[in-house]
Structure formats: C-alpha cells, structure tokens
Amino acid sequence: MRPVSICLWSPWCLLLCLLLCSLCSGSPSPSTGPEKKAGSQGLRFRLAGFPRKPYEGRVEIQRAGEWGTICDDDFTLQAAHVLCRELGFTEATGWTHSAKYGPGTGRIWLDNLSCSGTEQSVTECASRGGNSDCTHDEDAGIICKDQRLPGFSDSNVIEVEHHLQVEEVRLRPAVGWGRRPLPVTEGLVEVRLPDGWSQVCDKGWSAHNSHVVCGMLGFPGEKRVNTAFYRLLAQRQQHSFGLHGVACVGTEAHLSLCSLEFYRANETTRCPGGAPAVVSCVPGPLYTASSGQKKQQQSKPQGEARVRLKGGAHPGEGRVEVLKAGTWGTVCDRKWDLQAASVVCRELGFGSAREALSGARMGQDVSKRYECANFGEQGITVGCWDLYRHDIDCQWIDITDVKPGNYILQVVINPNFEVAESDFTNNAMKCNCKYDGHRIWVHNCHIGDAFSEEANRRFERYPGQTSNQII
C-alpha cells in the first residue's frame, strides 16, 4: 500500500539525530519465457475507453474470438511502440496505467509484457501470456503519434474510433459572446463532434447532468438557471443539435461516461418540443469572475480545511492528505480511481479530476530511515558553525550551556529558501524536548504542518516549559 500521490524532503529528529527520508522501490515482477509466433495472425487489435482521442486508449486484443486487455505490470514505452505499429501508427508517445481509460472486460491476455521496441509483432515479446494475477483496474493504455504508417493494411485492426464520442465540452453564452468575462460560468452546453460544435437537447436534462458538465469545466458545483428566459431566446435562434437523451448519475468525471445518444445524420427532426440544454456553474476560489464574488467569498467564515494537496508543482495537484484527530496523514492508493479523485477535487473547490495518480507519484510522506554512528568530527561544535556532512543521517548538537528544563527542539532545512522547492512547509521539524542535566527525552516530533492549527497551539503551550529557545 502506498500514499495516493511525496514530500521532496521530510526532516525528522529522534533524540539528537536529523533523520532523512528515503524512497524504496520494489523489484519488478519476474517474467517467464517469451511466447513467440510468426506475426500477429489470429489476433485483432483496437483502442477503447473514454475519454480519449482516436490515437489513444485502452489496448484490447481479440484472440480466439474473445476480446481482452493487457495488464500494466512491467509495461514500458517499448511495448507501446510495438502495439502502436500493430494499430497502424508510426510510434508511441506515451502509455498509461491503472485503467486510465476505464477498466475493460473479458480476459487479460498479456501480463508482464516485455518488448525491446523493435519487434514486428507483440507475439515476439516476452510475457506471461494469459497467466495473469491482475485485475481490470490495471489495464494498460497507449498514446500513439497521430501519424499513420504508409500503406498499412488494417485487416487486423478494429477501428472503434469510428463511433461518435464526446471529447470536448464548452459553455457558450446565449448573448454577448466574446464580451463576457472569463471564465464562462453559464451558457448553452455544446459538444465538439467531427462536423463541429453542436448543442444538446434539454429533454430529460437533470441536475446530475449539469453537475458532470460543471465538473469537466473545473467548477465544483452547479446552480439553477432561468429556463424560461433561455427557452424564449431559443425560439428566435437556430440551433444544431447533435446529442440527446443524456442521463448521468452525477458521479461521472466526464460526460462521455454518461448514458447518451447521438442524432443520426439523416434525422431531420431533432429535439422536438425541446431547447438547447443550459448550465450555470458555481466557480471555486480560483475562478472568481469579479471582485464582488471575491468579497462575498472572503466574508464567509472559513474553518480549517480537512483535506489538502501537498508536493504538487501547480494548484490542483499533489499528494492527498486528510486531517484526523489533529494530525495530517495520507490516503492509501488501493482502489483509488478517477471517481474518488473527483470527490477530493470538488471538496477543494475544483471540478472533476483529470487523472488519479497512484504509486506515490507526488511523493511519499513521515517514513523514518536512518543510520547513526560516530564518524568523528561531525555536527555542531562549540564556537563553530555546522560541519554537517550531506551523506550522514545524524548530527550532534552541543548543549554545554543549556540548563535543565523543557524545550522545543526545532531543525530547519533550507531556511533562507536558497534552493527552489515546490513545497517549503515540510522543511521544519519540531519536537518536545526534556533535559534533566544528564539525559534528554525527545518526543512528539513532527514536520511544521503535520498538526492541525489547534493541535499546534497545544504543542507550543508545552506544560512546564521554561524556555522556547531554538537550538
């Protein structure tokens, strides 16, 4: 089990030692001998899943008339190159894990797939074949370069991209297009189809549908709209409907995951008795469209957040941490998916999640690994500056002139911000420290933002404390 998303540094102290975190990595799963066949006869390939573009998706293979997937264990860019060529593309530009395009169904035909990248067929790569211990939550996906192989014969490729799908959604203001402040929070729902932008019929439209659309556009919630005004306005305008029968549950991260229907090209009567669907979204704290909204939001009492993101380079990304019993901790990535990530994003004032990262991709939190020994001249000495070596986990602190009592021991890394970091809040470590003149007890160690505000205030009011001098 690993945290959902890592601190760049995690300074810790036990007794008089500064403990530095280390990140461990597991060994790869063993692979058995290769399954070699002459070419890909008998196999068919396709890209599937949502949302995606025609040159990306979950890899699916048909063998003996049954469609299945590939496990992401040991999957590499070299394997993606081979599969992209099987599908008629020149090369791969990337690959995905953990069923980014949604979990597939049926058999998992390949596991621990190992390719050099030069194979003519995926059957020439080493793998465990269908002997897999994976689930469809580990289905691999590929992103191919949008460039076809010249003269490629696609007799072994099922082109599922011919089916219509919703890739992009926008809100178009009914009036004043181009003069409205950004971001647009209310307007007609439009979807991008191969022949251009089209409206969505509002017959059967629900608040759940609006919730999904707003989430896609980065807004945490939706609100009611004046449908009478928009219906009156719709009578004076021409519309191009491309979608109808949208029925979302409300938890979907993308409109394409909802039940919906496309109008056929030969349908002349579209959305009879209906009008274009209209949505009004509630902007989060990062999307205040006017100073009035800012003042309104600032006037509301703000309690301490119970969920936060740490270690990310940009707003809206990072390792998920939750506050429980006054202490911040992480979330295990088991069964962590786009739907769960969307709940966190909305709670933080964003829309639906774009990606659910696992495997401590944003850093691993408070993992204490150290080795202490007396390496001779090490650490702080009387009247001298710090001689701490970067490759030693512990340093000694001179307490010759320190009187017995209760103290707060604090160690800070990069105090002058001379080294660029994405998060400076984990650079300070504090501990309760008791010294009786002969022995020292250090306890309750934590990094600067590991406690809630109230717990941190209690820590600063350490009972019997005679001095708060920083050593």
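Quick reminder: no glycine exception, Cβ is built from N, Cα and C everywhere.
Where the annotation comes from TrEMBL, it is an automatic prediction and has not been curated.
The following features are taken from TrEMBL:
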COMPBIAS  290-302  compositional bias 'Low complexity'
DISULFID  Cys115-Cys125  disulfide bond
DISULFID  Cys248-Cys258  disulfide bond
DOMAIN    45-145  domain 'SRCR'
DOMAIN    169-282  domain 'SRCR'
DOMAIN    307-365  domain 'SRCR'
REGION    289-314  region 'Disordered'
SIGNAL    1-26  signal peptide
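Shown here: features listed in TrEMBL, placed on the structure.
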| residue | record | Cβ neighbours (10 Å) |
| --- | --- | --- |
| Cys115 | disulfide bond | 23 |
| Cys125 | disulfide bond | 22 |
| Cys248 | disulfide bond | 21 |
| Cys258 | disulfide bond | 19 |
Ask   = Cα-Cα separation of Cys258 (disulfide bond) and Cys115 (disulfide bond), in Å?
value = 36
